[in-house]
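Data first, discussion second: the structure below is written as structure tokens.
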Ligand SMILES: Nc1ncnc2c1ncn2[C@@H]1O[C@H](COP(=O)(O)OP(=O)(O)OP(=O)(O)O)[C@@H](O)[C@H]1O
């Protein structure tokens, strides 16, 4: 996947900008507060429906304007017979939005997000390792939305059943027949949902381990282990829901199921993730994200776009070099922001295009 054109209007400090990035490495260089991260946020918005720094209404729309606009044109499967150019645009006020994909209005933001695949590593990415389970579940679900056509329906069915069951539980005296009906729905969707997630994690693991060997050899051998959200090795979800029913009625929420699922990175030489420094947690998160990108390349037949925010301040030079060498060999389209170019580029001719960002103004440097 390769972004050919990216347009931003009224996104934070950027009044209006158009970028025509290259395949390979694209650097966005500028001073603090210049608007470099904003470009990655715009890409992320198109791929996830929100910025990695929060929702659109949390400050993404330029002050004094009504709505932001982002437009992306990208090519898909450039090498194959099904090569095509796709176009997506979104206008978002923070409250309301409208979007178009390939000339058609889209009904759900999710339809836009399913089209463009972007993997973003940013200062908050360590939450993938050191935070709660939510970002790790999102990690799995994002991958599956893109590579497993049957996943979305199963996910929606489970989410709906969970909402309904929780609403019923909150009524404190739920009708047993209704509760049983939603339990059946949860079990019927939760079992395949867990199968999808578990097998996806197994698919990510080899790429993750290969990267970890390269980036974090001091941690020793690695594994990714999945926790389904109930004792799946002992009983089916239907039984787990039945066993938890009295407790769930008294607490007013569903205590077992894939919405409580999680996964863990296990390193042979690290007793607990609490022993990881923040920088080490970031490295582990980067291995997971790039492992996911590599897995996506294998399953979807092409690389997602890779966005690395402020790489030089996140990793030391040795680790930057290892990451950049790996990316140079794999050759996805990459966007990297920084106040300066990572030093690795001074010894390699890897940069395809550099954009100078100054107070919301973005200009390509002539090669
Ligand atoms: N809603 C907004 N309207 C106008 N300007 C905004 C808005 N939100 C943020 N800004 C400005 O946009 C800039 C933030 O841009 P961004 O975070 O992309 O900078 P950056 O180049 O990545 O900076 P750094 O190197 O410090 O991380 C800041 O100058 C900030 O004051």
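Backbone N, Cα and C atoms are what each Cβ position is placed from, and that goes for glycine too.
Where the annotation comes from TrEMBL, it is an automatic prediction and has not been curated.
As given in TrEMBL:
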{"type": "DOMAIN", "residues": "3-339", "note": "domain 'RecF/RecN/SMC N-terminal'"}
{"type": "BINDING", "residues": "30, 31, 32, 33, 34, 35, 36, 37", "note": "ATP binding site"}
Original post:
What's the most sparsely packed of the binding-site residues 30, 35, counting other C-beta atoms within 10 A?
Top reply: 30
**OP:** Please compare the binding-site residues 32, 37 by how many other CB atoms fall within 10 Å of each one's CB, and tell me which has the fewest.
**Re:** 32
Subject >> Of 31, 32, 33, 34, 35, 37, binding-site residues neighbouring ligand 1, Cβ under 6 A >> reply: 32, 33, 34, 35, 37
Original post:
Within 8 Å of the centroid of the Cβ atoms of 30, 31, 32, 33, 34, 35, 36, 37, which other residues of that chain place their own Cβ, given that this set defines the recorded ATP site?
Top reply: 38, 337, 339, 357
Subject >> DSSP-derived class (H/G/I helix, E/B strand, else coil) of residue 36 (ATP binding site) >> reply: helix
Original post:
In sequence order, what residues of the same chain, 6+ apart, have a Cβ less than 8 Å from the Cβ of residue 33 (ATP binding site)?
Top reply: 13
Subject >> residue 31 (ATP binding site), number of other Cβ atoms within 10 Å >> reply: 11
Original post:
Name the residues of the same chain, 6+ apart in sequence, whose Cβ is under 8 Å from the Cβ of residue 36 (ATP binding site)?
Top reply: 28, 29, 30, 309, 310, 337, 338, 357
Original post:
Can you check what DSSP calls residue 30 (ATP binding site), collapsed to helix, strand or coil?
Top reply: strand
Original post:
For the domain 'RecF/RecN/SMC N-terminal' (3-339), what is the mean per-residue pLDDT, to the nearest integer?
Top reply: 93
Subject >> Residues satisfying Cβ distance under 8 Å from residue 34 (ATP binding site), sequence separation of at least 6 >> reply: 13, 357, 358, 359, 360
